Amino acid sequence: MPELLEFDRHAILAGEIWRLWTCHLVHYSTQHALIDLATAAAAGAVALPALGWRRLCLAIALTAPLISGGLLLLAPDLSYYRGASGMAVMLAVLAACTLWPHAGKRARTALALLGAVLAVKIGAEAIGYSTAWSDLPAGVHVAWQAHLLGVVAAAIAIKAASAIPAR
């Protein structure tokens, strides 16, 4: 079943566009799924009070294909992708941006530090460093481009959310 939902470059280019959304729902292992779910749920819970359900759900629905479409363009050697880490990054950045306007100096320093850590993490992944936390199978590498695209998608979602009523 996961094979019908994963990002499969050739299948997407042949017209199976649902994969642009569903690839974020399937994972390579239970541990991989739990890490993505925990991160996305925590970040979503932080962003929810500021955005409301409507804008949060729209952000998720609209940025999922942006991240996948970005992978089509920016990662031509990536044939397959599974996971919600790009979406989790998008939600984490979105959460940080909802906290920023009301944060004091210390909280803003912490948010800026978290942003710097995220940038270093993505940079390290881009040059080949990664952790074994996600329990990816042999031959499957972290798609750092999805994480970078999650940051870009968050910026787009923030701009779009400001134009959409909360309820």
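Backbone N, Cα and C atoms are what each Cβ position is placed from, and that goes for glycine too.
Residues annotated as domain 'Peptidase S54 rhomboid' in TrEMBL: 15-157. The transmembrane segment feature in TrEMBL is assigned to 56-74, 80-99, 111-132, 144-164.
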Range from 56-74, 111-132, 144-164 with the greatest count of C-beta pairs under 8 A to the transmembrane segment (80-99): 144-164
Cβ-Cβ under 8 Å with the transmembrane segment (144-164): same-chain residues at least 6 beyond its ends: 51, 54-55, 58-59, 62-63, 66-67, 70-71, 74-75, 78, 81, 83, 85-94, 97, 118, 121-122, 125-126
For the domain 'Peptidase S54 rhomboid' (15-157), mean pLDDT (0 to 100): 93
Structural state census, the domain 'Peptidase S54 rhomboid' (15-157) (DSSP three-state): 103 helix, 2 strand, 38 coil
